[in-house]
């Protein structure tokens, strides 16, 4: 029959989908718009049998429609810089809540610390990772760990890092006739992650050109397929939350599809890291330092993503092995002559990609691996402190604080948490010390040897450190600005980011953390007393400082102090905390601030039932079911 002619009651594809068909030959309008195969003709297809073949074909077509919708969306994402995208889909989907429940097995693992976390990480991860679909409806992007699963191979081994970056595929996949995602779309998703997602997660991290900028982050994405896919999926999820103007929000079906893809990639990552940890465990001490650091980075990256997008996730199954590897690499490669941990020694133990044949009187710029190591060491020290507050335990890495997190940086290679998190070292170290104090208090009461005088004496140095730190913030002058000569302008450009955050502003960020620490310490000493003068003054200070912040990314980074101050807020202050969190809009779902608000709301609704003598910060952070990691 000539093209454009109509025939019969519609094509077999539309009949299978129970959709209206315009019966145009050889491809009807519905199939053409959805970019799926149009099965036309008088003869009934063999799969239209009312049985298993018909069901399988129906599922295959649904998956194909989803895949094509994703490709159309990504093509539009690349073409429209103003993010003006509206999509509709004609397919069933799983709701985000159902998907979150399907991944809730992550929380099934015991909260206790494993005896050998690196060796047992794979068994813990088994309980949390769902098996990825291998149906023809699964999108093909990079030649990823999905393909390795299909081939019965290990998704990731230590040796895979030496084989170079993942290959950006084009044309057709070897295992399918479906077209792969165009390379422009793959790179576009990576650029969204580099330009928008990562800066939103870490708004204070602005390394200079001399520090190699963020090139290490691109290297991390190219390190293996899993990292790339997680970043790409996280970019899509972030994009789905960004307000796109009046009446232009993304379609709910598309949001569900993006969420589905993100969960799939996170589950793949768990399986991949599981395989890697097993390989390293079998290699033991023979595993190169660079491989160990990259494994630590992979686990930490997954931890951040899990906590960012999932509620009530069992984050301990990721944090425990990451901290174990941290401890192992420092003890094996990062101790100085006095057996103290040194990031300088550990950093220089990494292999250099730049051959040095002559002696240099000045230090060379960091390599990408050194910059990545510094970032993740900083991040793990911070996450460990936040975890200790949630669990009511001493920080696992507390013995590293004195050497790696000094109050005042000197010429040695020390960590500056301010460069990564916007908060100076002393405030976060104080929070870790308060967690250790809470652990001591609990154990002393259980052992029957608790002394209030001993508690006060242990708390005194912490209180003094907080007072001294706040006083120094008030008296220390701002960082000097570079001179307005041509050389000064050039130096300002390559030594600091041209949009570097002002010293006075980061001082306010540190003040917020410090006042939250004061609240934490007061509760540890006096119990849950919202009318305590010291607590009331600190809550008021936090609230006033929060009013000065207009950046959603910076507000997101303050989830913990917002939650601590909000939980102890007076009823009259509650609307202000709700309003501040509400300014995040849809982006409040991207990160832990929404979780912090849930905790605050539950605490506010439980005021009358809280026992002020036994209730503490760890109790509050666990009030919605499991300890919350607010990072």
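Glycine residues also receive a Cβ, built from the backbone N, Cα and C atoms like all the rest.
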Feature region 'Disordered' in Swiss-Prot, mapped to one of the ranges 449-468, 469-488, 489-508, 509-528 = 469-488
Given ranges 123-148, 149-174, 175-200, the stretch to which Swiss-Prot attaches the annotation region 'Disordered' = 123-148
Of 11-38, 39-66, the range Swiss-Prot labels DNA-binding region | 11-38
Do you know the mean pLDDT across the DNA-binding region (11-38)?
-> 87
